[in-house]
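Participant: Right, I'll just put the structure down here and ask away after.
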Amino acid sequence: DEAVRGTCEDASVCKRFAVSVGYWKDPYIQYFVRQAKERKAPEINRGKLAPELGSQCKCYYARVHGVSYLIKAFLKKTECNCQIVNLGAGMDTMFWRLKDENLLPRKYFEVDFPMIVARKIHNIKSKPPLSKPIMESHSGDSLLIDSHSLESSRYSIVGADLRFSADLEEKLKKHNLDIHLPTLLVAECVLVYMTPQQSASLLKWAASTFPVAMFINYEQVNMSDRFGQIMIENLQRRQCNLAGVEVCRSLDSQRERLLLNGWETARAIDMMKVYSFLPQADVKRIEGLEFLDEKELFEQLMQHYCICWASKDSSNL
């Protein structure tokens, strides 16, 4: 668990570096993480990688835009009359960015290990650019905050272990989770750190709990080839085990996991495909930020991560 928690810091540092170079705008990441001292390779910024070819997943331009596109599509389809549950959220800043765009759902939940949650809450309490938007969006009774949870009318942070669905549900309901609302669940490089049985339990819980729901999963794919094995070995050297990597064999195995665990429809595409779908004017802009001389490496990296999304929709949304 300690090594998995460490991936939060690595990802946040690399996100801030990419933002500082100009890959995308995020005025809030600076309040959660120190500035990276070392330069990160451009193929890392555009896709995702960790030191030494994949010691942990780095989500940058393609990941941020791909996941954001799906989130905003769900919000617009529901006219924001929905809730979002960000699983393993880490230092993610999506709540603040959605508020700036007037796209907040009725409620936004984040879940992570209590230790990570405590750090995030400390930053929120001590930095007005983070706490003020929460207060502005809050209505009703007093905002509740302690070392391991934050509860406001529009935003909650919950400390929980995602491997235990019953405990997760109990804590979310204490923070006013509404199972009857259309619900979007987001997991970015989270399920791969659970055993296949544990992630299946989480997916089944989500599919059986919400009548109208969408699940977005971003993680590794094509991990049975040599490039994937190198990524796994690098992670193992850091005592970070990809307990669920067997489900990351292919796009088909990613889709099948979702369908076998109660979801009605499922799609999956690798990040190279996502990259080709992004607005090409902006892609051209970011390609001009840094010279990329290892195009083949970049493409290999992008082919070893994917975005999957699944839905169940009793109301034909």
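In case you wondered, yes, glycine gets a Cβ from its N, Cα and C as well.
Worth saying up front: this structure is predicted, and the values here are computed from it rather than measured.
From TrEMBL, here are the annotated features:
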type    : residues                             : note
BINDING : Arg63, Gly88, Asp161, Leu162, Glu188 : S-adenosyl-L-methionine binding site
Participant: Counting across all protein chains present, how many other Cβ atoms fall within 10 Å of the Cβ of Arg63 (S-adenosyl-L-methionine binding site)?
Facilitator: 25
Participant: Could you state, as a whole number of Å, the largest distance between Cα atoms of any two of Arg63, Gly88, Asp161, Leu162, Glu188, the listed S-adenosyl-L-methionine binders?
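Facilitator: About 24 Å separates the two most distant Cα atoms.
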Participant: By Cβ count within 10 Å, point out the most packed of the binding-site residues listed: Asp161, Glu188.
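Facilitator: Buried the deepest by this measure is Glu188.
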Participant: To see if you understand the setup: which same-chain residues, six or more apart in sequence, place their Cβ under 8 Å from that of Gly88 (S-adenosyl-L-methionine binding site)?
Facilitator: Val111, Asp112, Leu162, Ala187, Glu188, Cys189, Val190
Participant: Take the Cβ of Leu162 (S-adenosyl-L-methionine binding site) and count every other Cβ within 10 Å, whichever protein chain it belongs to.
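Facilitator: There are 22 such Cβ atoms around Leu162 (S-adenosyl-L-methionine binding site).
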